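K.L.:
Shown below is the structure under consideration.
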């Protein structure tokens, strides 16, 4: 007990935030200190007009910065799926109108930004994503571009004023519409440690309790430990939630969002192993609640803002993971919030009726009822909870179902609140959690040494604090334009291990997107042979014509897009296009007559593997319940003797123990799909499916034989004992006592003398005569006349 008491603080720090299904929150951006007016914008086409397929340049000035900027742009069709549609819900949550989203109505572009030097030449300085609202001689557009890693956010006057907070910079009051620009560096950088302490004190998140983990005598720890009533033996399961009062949800404000599944994140920094080698697309659904819709003048404005947000965020995913984000479904509610949330859309309610956590749970329940195969769903809202503006379930990419324990509903969902400054960054951040990313380490988590247990992503192997430079920083800040090398390794390794599913990602061929087939979007859609992403992206591609999206003469495939293509020809049969990652993962080879690598295939779940008894295949990995406990929990507490608690073998939640711990700990993470459970069942998304008694007998044959032999032996011994005892009784002569003579008829009853007053006492206290003796048991039967 002394060891357990001293070890519990460390165990808590290592395990309390280990849930792949934990929720992580985002903090509201800092105040905007300065805003510039964008002037003299010119679309450089003959008519100064563009359509959704135009490649063009736009130049403009930022007078107060003495800068002239050019954006070289081309259509970006990635974000809108061919079968994309928008449905409009009424106040009761019923669909009253549904229509496809027409690609030609949305002028969405991507490209690069350039800064004019004093000598008149242009210097490339970053990337750009733009949504053109109006072309002509006085164009209007919104989006983001970067200059030397400093994001510049372009918004219309009306958009800025809709989101403006009291602490944000004011802008001129003009009647006409115009464009403003503010930079990440224009947002006041507050001292993060002080900010977080002030926010934590008013937050419902329990992450602030992590402080007691370094001190076993901390009052919170001491009272929890001394007062808790386990109500079970030392082999019972102690949930860390009940043990320490910790929630399954971890706040971005607190600095911790979960765990990387037992992988040492320092070992995977910068590694793209596990991410797709050829471009893939994550098609998502987005729903907008009444508060979000009410923040716009009309449906079109809200729709355009969402498309622009996805357009901006997709850039960092393409660069980091070779995965673009596309919008397939858009659900819009009425701008008037219902007094009571309708049963069909319980997440659609006024801000004062729920917090962001409740909205995530309700939205997850709704998502589980949708019949689609989207990578995930995002709920757009205008209802922050205090300073919290984002919330996501960790590692739930491709999870279309909903599971939970009564208080939490888990699915592939997140919530994003419309904010002043960096709205697309919040969407990119929460989507990162959905892809399985934990937070970058900051001063608070480094002080707790959480990088050692991979509960945060260190800057590099020698430096812990990432200094707020990247997308997965717990709070928004200046110069955040990319994912950290550690996050890239975090997500890619999770995809490669199948601890985060990737089955919903679309191969870049015949993809159906919201915008319809468009040459130059980098997605090979119906009617196209290839699509290398437009002339600026294709470069000297020898296989694909960038203008027509058709193969060049003699080409039958595109090396840049097809796994079984070499020098524009099909790779020879037998060429390995997807190598095996282990005994349970089968390698795939090219057929010789196709450019597509066959679908990823694994050995059957439950098939024996490895040299150690008890190992079986699960989701393409050779593993076991004990092995997963060792790799997940054991790696954190540095105990190689960790194993799965046998009394919970029907559970698909990791419940582990070790001789040093003595008790079972529930760490709120599921076994891999395909892991054996119960009586012949297999885990699937946290549930044990297919368990039955017959399978249990087969699975535990040795135990059944042993028990049967033991019970059978007891039965044989019992029968022999009865036979021996019977024989002994048969040899014993029973001697009856001599028969008494017949005593004659019973005497007449005495005269009635009143009530009987008590034992052996008659009326008036006289002693009564006792009744005559009853004939003994061995007397002959007596006849009566």
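Just so you know, glycine gets a Cβ as well, placed from its N, Cα and C.
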K.L.:
Which of these ranges is annotated transmembrane segment in Swiss-Prot: 662-682, 683-703, 704-724?
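P.N.:
Spelled out, Swiss-Prot records transmembrane segment over residues 704-724, not the other listed ranges.
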K.L.:
If I go by Swiss-Prot, the feature region 'Disordered' sits on one of 590-638, 737-785. Which?
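P.N.:
Swiss-Prot lists region 'Disordered' for residues 737-785.
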K.L.:
Please identify which of 322, 593 has the densest Cβ environment, defined as other Cβ atoms within 10 Å, among these glycosylation sites.
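P.N.:
Answer by Cβ density within 10 Å: 322.
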K.L.:
Do me a favour and check the Cα-Cα span between residue 355 (N-linked glycosylation site) and residue 561 (N-linked glycosylation site); whole Å is fine.
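P.N.:
Here the two Cα atoms are 44 Å apart.
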K.L.:
Whole-number Å distance between the CA of residue 433 (Zn(2+) binding site) and the CA of residue 322 (N-linked glycosylation site)?
P.N.:
17
K.L.:
Residue 433 (Zn(2+) binding site) has how many other Cβ neighbours within 10 Å of its own Cβ?
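P.N.:
Its Cβ has 28 other Cβ atoms within 10 Å.
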K.L.:
In the structure shown, with every protein chain counted, which of the binding-site residues 429, 439 has the densest set of Cβ atoms within 10 angstroms of its Cβ?
P.N.:
429
K.L.:
Return the average pLDDT for the topological domain 'Cytoplasmic' (725-785) as a whole number.
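P.N.:
Summing pLDDT over the topological domain 'Cytoplasmic' (725-785) and dividing by its length gives 45.
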K.L.:
Across all protein chains in the structure, which of the glycosylation sites 329, 355, 640 has the highest Cβ count within 10 Å?
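P.N.:
Buried the deepest by this measure is 329.
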K.L.:
Secondary structure at residue 640 (N-linked glycosylation site) (DSSP, helix/strand/coil)?
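P.N.:
In three-state terms, residue 640 (N-linked glycosylation site) counts as coil.
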